[in-house]
């Protein structure tokens, strides 16, 4: 398992690097171990066989005890300090047939040893004085505990291995035969501590025959190992486990000399020593301390040997796993070969099946072709019989079509004759249309001349209106001046002169009124002529449309001809042409009628808009009335035929009667102080004598006149609608 070996070598190399970093970097022993690890990693890098991560994980889970779930940093914080921190030194222990312990085992073992060291320090502190050697060792253990909390677990593992090597100070090589040089490091540390506590350097203490150990205390190295290996290994992660020395070791810890007052002896190990020998007491204390250290190192060595046995067992399990992996790979290779042979066999079988399928498809296609040819022959026989029957039917239809062709030929000749007749009628209608167009153009010219005449008349009327208005204003001003003058110069004796002057004034007013009425008569006669001309034009247009309509009805009436039944079946294009022409003529006549109505309405609106300032003197109430009557007569003439137009004209009231009514209204609106009574006669117009009235009567009369004129206008508008 190359990955596990590389990780083990990486852990060992980290231990060495951290020891060099936190310990003595110039130690030649550590440098030699590092170089040996590098050489061993480069020489044994190709050993081992790969295994899957699942197998290695399963093997490690089955061999490692249940440990705590907390993961300590494995020295990654020091990976960037050295370039060769990840060098391949994974086979360093493999050269000596050993492997490093796993991370969980090393962690549990370090926790156990730290707890054991703390218990030993506390026990020594209770036996010795506070200022003696035990206090110094307790301080050392406390400093080690702080350092373990500050450093990583890999540094603790390296310290553990160094302490194991220091336990055998007289043996040049440890039990693992891996790194004998590491034992000098901790021995130097012990010598330094002894030099601190004991300044003078002396040789080894002499042998004292009177200080003999008890038989229970003198245990050989193999017996101590046997005592540890006969027991089951303790749970390293348990917090309730406490390690106490065995019962035969109790006299060793309790054999310290008991100090007595001066002049008495000291009992040590069952022997009496003079109390005044100070050097002897120091040697006894040093001997006891060294014994305790040897015992602690022996225990540590036993623990390390048990850890090495556990590592050996793990390596054996790993070898077993590698063998199983090799067997599994061989089995997989065998199965792969079998599967490849099976795939080849299936390919051959598939090829045979494909060939058989192609042969079957070809046979089936041949059978289908034969069946199709048989069905096609049967269908051809049936089609031949159908064709024979169809041929007989077509021969009968051919004979029938020949007879109908002769009939169609006769009809064509009749249609040609009808076409010639229609063309002749079309030429006649075109000539008539040209004549009517010339007549329409003549009417349009007359209408334009009439419009010019009306414009000239309107200009003249406007001029006369302005002149009359100015003269009336001057007359009013002169009359007012004359009346004021007469009022100022009037006296009670001149009543007759005033009456004569008033009569003369009334006479002049009546003469002016007569002149105004004569001017109105002349103007209304002119307007009547214009309206009659417009009505005549409308009547002519309506008569033309009615005559054309009558002609169309006569031409399209049914005739008793030999080909009448045939003509009814076939619609003639000439008939459509004639209908379109008639429709065009009717629309043109309606257009002319509407033009005439529009012109009359425009004239009336212009007259109404041109005379707003004369409303007080003489409101033009008669103009809309005449225009409305003329428009109504024109509308009636346009909407009916020629006979209807004549009837409508006869039904209208006589023109002199209308003029009399209009003149009466005009005369009643011209004078503010008089109320004339107009009587319309067929031949003449009589004007009654005026009577003086008040302003209220004149206003009521004007209101009545306005209401009557508005009612007449409403009636005319309803007639037009």
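Counting begins at 1 with the first residue displayed.
Cβ coordinates are placed from backbone N, Cα and C, and glycine is handled just like the others.
It should be emphasised that the depicted structure is a prediction, and the values quoted were computed from it without experimental measurement.
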Open item on the list: Where Swiss-Prot marks phosphotyrosine, which residue is it, choosing among 103, 241, 297?
Closed with: 103
- [ ] If Swiss-Prot is the reference, give me the range from 169-214, 307-352 marked as region 'Disordered'.
- [x] 169-214
TODO: Take the coiled coil (275-531) and average the pLDDT across it for me.
DONE: 87
